[in-house]
Amino acid sequence: MFFKNDSDRGKNAPERGIVPLLPLRDIIVFPHMVSQLFVGRERSIAALDEAMNRGKEIFLAAQRNAKTNDPTPDDIFGVGSVGAIMQLLRLPDGTVKVLIEGKRRARIRRYVQSDAYFLIEYDEIVESSVASVEVEALMRSVQSTFEMYVKLNKKIQPEVLMAVQAIDEASRLADTIIANLPTIKLTDRQALLEMEEPQKRLERLIELMQAEIEILQVEKKIRSRVKKQMEKTQKEYYLNEQMQAIQKELGGGERDEFKNEIQEIEEALKTKRMSKEAAAKVKKELKKLKMMHPTSAEATVVRNYIDWILELPWYDKSEERYDLVEAERILDEDHYGLKKIKERILEYLAVQALTKKLKGPVLCFVGPPGVGKTSLAKSIARATGRKFVRLSLGGVRDEAEIRGHRRTYIGALPGKLIQSLKKVGTNNPVFLLDEVDKMSTDFRGDPAAALLEVLDPEQNHTFNDHYLDLDYDLSDVMFITTANTLSGIPVPLQDRMEVIQLSGYTEFEKLNIAVKYLVPRQRKECGLEDVSLDFTEGALRTIIHHYTKESGVRSLEREIASVCRKVARRVVSDGKEKPIEVVAKSIPKYLGVPKYRLGRREERDEVGLVNGLAVTNVGGDLLPAEATVVPGKGKLVITGLLEKGMEESGHAAMSYVRSRLDRLGLEADVYQKVDVHIHFPDFVRKDGPSAGVTMVTALVSSLMKVPVRRDLAMTGEITLRGRVMPIGGLKEKLLAAHRGGIATVILPKENRKDLRDVPRRVLKALRLVLVEHVDDVLREALILPDAYAIFGPPKGVLEYRDGELVTEAAPVKAPPAAAGEPTPAAPPGA
């Protein structure tokens, strides 16, 4: 029943009426929308009954909160739609099924009654219906957008799209579309219902549909991806089932083999002794492996990982020997000389025998090539009953070589440490890290940093390899490292090691090594054990002097091997086994022309030529220094492939000489009239300050035009005050002097403590003069009649003859001068 006041409104004036209200939960009925509702609340059923009595019209409005069972006027939106009941059916359970069609928008004016049911008075909302090109374009855009939505949302029937495309009224188009968008939120639907202008309603509708389209497109992609994955999984399952059926027909095949492998792993896990962490890891990986297909790539990775853990020697040890007498016998049997080194090794083994632990410094053998560093490590392994394993670090630049690759990488493996321990089969071998000074660094990491943990006794019991990702105990491993020089080893790594220097062998030691070890070994390797072959001492000396230039004996063995091969050929060709003696004069026939000129002293005393001493990569050597003076303007030139340190030493020598011109009897401005050139022959890089006294002597000899003794060599750093400072490598330098035929060696007094490292045979063959000042060097070296008058008597000079200390330094008669050369005078009072 409608109450209309026609006198108050015109033709298009809004209607007003009083009708029952039906509160709706989670649904909004739009005009032109037919909805089927199930009504169960008593007040709502009463409202329907009243509507049937009032001409079947009812007001439909949504609740603000769907969970409210007994709403009040404040719980109901103020805008809804007036609808007509098309059909009403009472169900057996008391529920009423009703079919209602929305007719027009309306706003609640007031509540007339709210007791048994809601009775309200409403005002109709009159919509503007202005037709324009803009509205027409907007309608087309809405229809096009809805078409896209329908294509993505398969729940909407195609007939709905056809009906929407036939609508030519903006308001009805908007209401029809919103009625068919079930995913739009209730608040957005209510807002569209309250919009009076169709144009704004269409614009908002486009925004909502575009947002829904984006969501539907993402859902479509997800469904497509899931579908493909399911199809792939189903396909794999189907193929696997087929494969299993085929294998079953053929007698089990791969699956049975896979089961056998798992059983073997389970049995090995029961018997293998390993850490609790490792056992738990194997069980976890085995559980994963059982769920995998045998031929999958992941199964192969897991199997390899389990194999590595099971094959490592977690608690497998070699039986160790602590017999020092036997250890000393083995060291003496394998190596000649090296007395100090052997004593240190025996001390190391004695401490281990008492403590039964390896905690202590790691030994680092430093020395030139071929002196026996690697073979010493092998002898230690033999003496202690441990197995021996060697890892060369030369050229290693990747941290993963030490720590391994993580399992995420294809083809990942443990580091070389773990690989070597698996190969050797015990967890207490003698582990030689060879050429530790030859490692380098790049973008993949610093292997030297990775070794810090390995060589630290406080940390290596929990060494963690990246591949295993487990703690492995390295504390029982006896690590030994080798290097040619300390310069290539980082300081933190040096701090974890005890450095043992292995100097070069003397000529006497090389002779004995050749006779006792090298010649017998090469005779055996060349099949000459039954042939009477003898190397004379002269032949071996010739090979040492003219065919090798090294501190060790590696090249010496190669040359002996070359002689033995030529002898073997001669024996096979002649078919006779006559005694063969290799003598000095026959060596060029076997080895060709001499390769090296022995670093020996000159045959004449010459001006500006001084024998210096140096340490090279192959041991000690004579380092002759030449100085010459030419007319010029005081320029100093130093040549000979020198490093910066040696050039600075040359400038210091020149400054000292200039400060002593008056004492030397030279004009004060003589250096301004001449250029001085100091040269060090031989194309070998030279560095260090130990040639300071050599350059001072060469400069003074050239400026004074006084010759230097040819049978004398010297070494020492100088200061601007003329003090002679200590140097390094004394043993190697004295070996070189002895080898080069030098009779007297001048060296810093502060190096007296280092003489204990020099072989007794060498000390007895040399006269040693230990000085503190350059004046003592010049007095001893220059062949000068009035040397004592110029440089004064010796002060604090020590002299060794035949290896014994002489209380006072006595003058030594210089070697006979060549024809036409001055003869040195005896000192005053002699």
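Placed from the backbone N, Cα and C atoms, the Cβ positions cover glycine too.
Of the listed segments 311-330, 491-510, 811-830, Swiss-Prot assigns region 'Disordered' to 811-830. Secondary structure from DSSP puts Lys733 (active site) in a helix. Take the mean position of the Cβ atoms of Gly367, Pro368, Pro369, Gly370, Val371, Gly372, Lys373, Thr374, the recorded ATP site; other residues of that chain with a Cβ within 8 Å of it are Phe365, Thr482, Asn484, Leu502, Ser551, Gly552, Arg554. All protein chains included, Ser690 (active site) registers 30 other Cβ atoms within 10 Å of its own Cβ.
The C-beta environment of Gly372 (ATP binding site), restricted to residues of the same chain at least 6 apart in sequence and closer than 8 Å, consists of His335, Leu338, Leu502, Gly552. Here the binding-site residues are Pro369, Gly370; the one with the fewest Cβ atoms within 10 Å of its Cβ is Pro369. Counting other C-beta atoms within 10 Å of each candidate's C-beta, the recorded positions Lys373, Lys733 are led by Lys733. Under DSSP, Val371 (ATP binding site) is assigned to coil, being neither helix nor strand in the three-state scheme.
Of the candidate binding-site residues, Pro368, Val371, Lys373, Thr374, the one lying closest to Ser690 (active site) when CA atoms are compared is Pro368.
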